[in-house]
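The following feature annotations were taken from TrEMBL:
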type	residues	note
SIGNAL	1-19	signal peptide
DOMAIN	5-324	domain 'FAD dependent oxidoreductase'
BINDING	T43, S44, V166	FAD binding site
BINDING	Y223, R278	D-dopa binding site
Amino acid sequence: MAAPKVAVVGAGVIGLSTALCIAETCPSCSVTVLSDQFSPNTTSDVAAGMLIPHTYPGTPIHMQKQWFKETFNYLFAISNSTEASEAGIHLVSGWQVFKNTPKEELPFWSDVVLGFRSMSEAELQKFPQHQFGQAFTTLKCDCPPYLLWLEKRLKATGIQICTRKVADLWELHSEYNVVVNCAGIGAQQLVGDEKLFPVRGQVLKVHAPWVKNFIRDGDGLTYIYPGIHRVTLGGTREKENWSLSPDPGTTKDIFHRCCSLEPSLWGAQDIEVKVGLRPSRQSVRLEREVLSQGGVKLPVVHNYGHGAGGFSVHRGTAKEAARLVGECIAALQGSSLRPRL
């Protein structure tokens with residue numbers, strides 16, 4: 001068959017990195033990214049981009065760890081390259097603190113991040129409301145620069161990027177051999193996934209260049225993540241809330257919570273409020289499916305539903321999705337080589 005044509009629907013961090021992995025693992029493919037929204041208007045642009053995994057109850061831990069490790073190693077290599085600044089990737093050290101000692105003192109990802117250890121008594125004095133903590137160094141992506149860097153890499157690889165709203169995956173069957181669904185929260189309508197729901201996140205981006213260490217409350221709700229130019233303060237987790245309008249009461253609450261962890265933030269300037277809808281489900285949907293109408297088949301690979309943990313596992317899930325695309329193409333080539341009776 002001629003060069004297989006693959007469409008990737010969605011241009012957040014999952015869609016762009018999946019398209020890149022497909023191009024890297026299947027160079028004979030012609031890959032096109034289709035989306036009605038690109039950076040800076042994606043959910044990924046709002047994300048803090050910290051590599052601290054979110055746990056998916058419906059996904060085996062060994063898979064989650066593999067995805068995280070592949071993502072960490074990939075970004076660590078970029079952070080050690082001349083492209084680190086353009087890609088917005090840097091190492092950041094800090095603390096995760098708990099009011100009560102967690103059941104799991106060693107999370108599954110503790111040997112992937114750098115220098116993971118329990119906090120000393122002296123360090124805990126900084127957090128009088130907390131009695132246990134973990135110190136480690138991880139990676140942070142400043143999201144808009146990283147998405148633009150990925151787009152630049154895609155274009156350099158010869159991947160087409162098109163603005164197009166896809167209302168139904170089947171509408172692509174006459175143009176493409178394989179379709180990859182990376183539509184995030186849009187997959188709820190696109191493929192009718194009732195297991196997918198929004199978790200609204202509101203964050204503040206502030207100017208506080210003196211804040212160098214991340215601080216994260218163990219419940220994951222209050223966090224301070226320093227980026228290259230701005231510090232991200234969060235946050236909220238509002239299940240089934242579709243509102244993209246910033247809530248002034250929530251802004252005040254986030255700011256107060258973060259100042260109680262880091263009092264110097266009272267001096268933060270230039271507060272900008274951002275809202276995003278995390279595409280959440282019990283497990284990431286990462287699988288093959290064949291759509292069929294009137295004897296015509298369309299192989300589809302799904303890669304969505306990463307919720308709050310998309311940045312932490314994006315490269316790992318993109319590699320797996322690219323492998324599944326390879327399987328689809330091999331099956332198509334196999335069927336086209338069979339003699340017709």
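The backbone N, Cα and C atoms fix where each Cβ goes, and this holds for glycine too.
Because TrEMBL annotations are produced automatically, they should be read as predictions rather than curated entries.
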About how far apart, in whole Å, are the alpha carbons (Cα) of V166 (FAD binding site) and Y223 (D-dopa binding site)?
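Rounded to a whole number, the Cα-Cα distance is 35 Å.
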Among the binding-site residues listed here, T43, S44, which has the most company in the form of other Cβ atoms within 10 Å of its Cβ?
S44
Go through V166, Y223, R278, the listed binding-site residues, and name the one with the sparsest Cβ surroundings, counting other Cβ atoms within 10 Å.
V166
Rounded to a whole angstrom, what is the C-alpha distance between T43 (FAD binding site) and R278 (D-dopa binding site)?
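Just about 7 Å between their Cα atoms.
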Using the alpha carbons only, what distance in Å do you get between R278 (D-dopa binding site) and S44 (FAD binding site) once rounded?
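One finds 9 Å between the Cα atoms of these residues.
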Calculate the per-residue pLDDT averaged over the domain 'FAD dependent oxidoreductase' (5-324) and state the result as an integer.
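Here the predicted model's pLDDT, averaged over the domain 'FAD dependent oxidoreductase' (5-324), is 96.
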Against which stretches of its own chain does the signal peptide (1-19) lie, if we need a Cβ under 8 Å and a gap of at least six residues from its ends?
26, 28-35, 37-39, 42-44, 47, 143, 146-147, 150-151, 154, 159, 161, 166, 169, 172, 175-184, 186, 190, 303-304, 306, 310-311, 314-315, 317-318, 321-322, 325, 329, 332-333, 336
